[in-house]
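Q: Below you will find the structure I want to go over with you.
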């Protein structure tokens with residue numbers, strides 16, 4: 001077999017992993033974020049100022065936010081269920097150290113801090129959990145697209161061939177979910193009058209970079225005979241095309257129907273598509289081609305997985321728009337976010353029950369078909385991760401109440417309550433240090449150039465695969481390559497962020 005055939009076989013005919021293992025893995029990013037925030041608060045407690053050195057800040061962020069994820073999906077994957085416990089214990093140790101230091105200084109009683117926390121007012125203009133969710137989906141995707149070509153990356157985490165739940169299967173749906181959370185239809189304020197089809201016109205203009213990247217990927221893959229998994233999207237199709245067309249289709253539908261009914265349209269699309277899969281020969285066509293033997297004749301037949309899975313991804317996108325609209329409702333108080341957290345928990349529980357019913361009545365989860373169970377699973381996992389990030393932010397807000405004046409980048413800022421601002425004629429200002437914007441932060445850096453980050457990851461993945469025999473790499477060499485690859489990508493984002501450069505062409 002040629003090197004190309006070996007690599008294609010290496011990522012083919014896989015069956016995924018358990019839902020529980022993926023859920024355990026999803027707890028790692030929030031725990032890493034919590035650990036980073038607690039370490040920054042502890043540093044402020046001992047030194048009286050935040051980490052101001054960009055060099056040390058980048059090193060801390062990379063070692064705490066990114067490096068644990070690299071280890072957990074490679075050499076530490078056999079103990080994946082123990083890693084969250086270890087990280088949680090470490091975070092608990094840091095918190096106890098912070099609390100004991102506060103207690104020695106004889107500050108307010110713990111019960112008073114809890115009451116103050118429940119009545120605290122947060123900056124309603126930003127929801128850090130959304131930003132962190134989108135950045136981490138990008139980071140995890142970037143890690144996986146290269147790591148999957150190394151033997152240390154468990155085959156059960158790679159994309160399943162037909163049925164199954166691999167970590168990379170979730171990544172595709174989570175990317176769609178994250179894009180919908182911040183789409184123009186969600187960010188548009190209700191009081192701002194706009195023409196009915198203005199969002200559609202903007203989306204038509206804004207998707208051209210995705211179309212261009214899709215064409216560029218297609219031409220480069222075919223020209224250098226790069227290994228590809230044909231049953232993933234088809235012969236000519238790729239995820240850039242999927243994301244572009246889903247955004248266009250969703251904008252068209254949301255220009256016709258009210259935004260607050262997006263979930264109804266999502267449900268209708270997913271259910272009708274599943275009925276077609278279950279009652280017609282559509283499923284057989286997707287899995288086996290027009291002749292039943294895996295033919296790839298004609299454009300539709302050659303790209304059947306990519307084209308027909310658009311219905312499932314469209315349903316995910318529309319449901320995610322509804323989630324985004326709900327999240328962006330004005331919530332200024334901690335107690336209102338605690339209620340929202342309970343709402344997320346109920347939604348996750350409901351979706352898990354629905355997933356079990358869907359699988360029992362129809363078929364297992366299939367990313368290749370983008371069936372109803374797949375859509376339900378993606379939404380459940382994404383809401384779970386989003387809930388974890390909201391909980392992490394609230395935990396850091398509570399800890400900041402113990403150490404007055406400290407701040408954590410990409411975390412909620414406490415502000416003066418609206419009544420006190422009106423009384424004193426003040427604007428909404430953060431309580432504590434006012435130099436938050438000057439604090440360097442890897443999450444903010446990646447967030448500013450997300451598409452560039454993903455593009456660089458794809459280019460470097462191709463370069464590594466061309467230059468290195470990844471399949472036969474040893475563990476130490478694999479970890480070195482993956483760390484260099486992620487650090488280089490993060491460093492470029494960090495430099496661009498430090499110079500306030502946003503590379504956007506639309």
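Glycine residues also receive a Cβ, built from the backbone N, Cα and C atoms like all the rest.
TrEMBL feature annotations, pasted as is:
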TRANSMEM  22-44  transmembrane segment
TRANSMEM  79-99  transmembrane segment
TRANSMEM  200-219  transmembrane segment
TRANSMEM  239-257  transmembrane segment
TRANSMEM  264-286  transmembrane segment
TRANSMEM  306-328  transmembrane segment
TRANSMEM  340-357  transmembrane segment
TRANSMEM  377-398  transmembrane segment
TRANSMEM  451-468  transmembrane segment
TRANSMEM  474-496  transmembrane segment
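Give me the structural setting of these features: burial, nearby parts and distances.
A: The list of residues near the transmembrane segment (79-99) in space but at least 6 beyond its ends in sequence, with Cβ under 8 angstroms from a Cβ of it, reads 21, 24-25, 27-28, 31-32, 34-35, 38-39, 41-42, 45, 68, 72, 110, 399, 402-403.
Within the same chain, residues 183-184, 236, 238, 240-241, 243-244, 247-248, 251-252, 255, 451, 455, 458, 505-506 sit at least 6 positions outside the transmembrane segment (200-219) and bring their C-beta atoms closer than 8 Å to a C-beta of that stretch.
Distant neighbours of the transmembrane segment (451-468): 7, 138, 141-142, 145-146, 149, 209, 213, 217, 220, 224, 226-227, 481, 485, 488-489, 492-493, 496, 503-504; these residues of the same chain sit at least 6 beyond its ends, with a Cβ under 8 Å from one of its Cβ atoms.
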Q: With contact taken as 3 or more Cβ pairs under 8 angstroms (pairs 6 or more apart in sequence), are the transmembrane segment (239-257) and the transmembrane segment (306-328) in contact?
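A: Between the transmembrane segment (306-328) and the transmembrane segment (239-257), which are separate recorded stretches, there is contact, as judged by 3 or more close Cβ pairs.
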Q: Which residues of the same chain, at least 6 past either end of the transmembrane segment (264-286), have a Cβ under 8 Å from a Cβ in it?
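A: For the transmembrane segment (264-286), the nonlocal Cβ contacts are 253, 257, 292, 304-305, 308, 311-312, 314-319, 322, 358, 362-363, 368-372, 375-376.
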Q: Test the contact criterion for the transmembrane segment (22-44) and the transmembrane segment (377-398): 3 or more CB pairs under 8 Å, pairs 6 or more apart in sequence, then answer yes or no.
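A: Yes, since the transmembrane segment (22-44) and the transmembrane segment (377-398) share at least 3 Cβ pairs closer than 8 Å, they count as touching.
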Q: Could you give the residue numbers and ranges of same-chain residues that sit at least 6 residues beyond the transmembrane segment (340-357) on either side and whose C-beta is under 8 angstroms from one of its C-beta atoms?
A: 326-327, 331, 365, 373, 376-377, 379-380, 383-384, 386-387, 390-391, 394
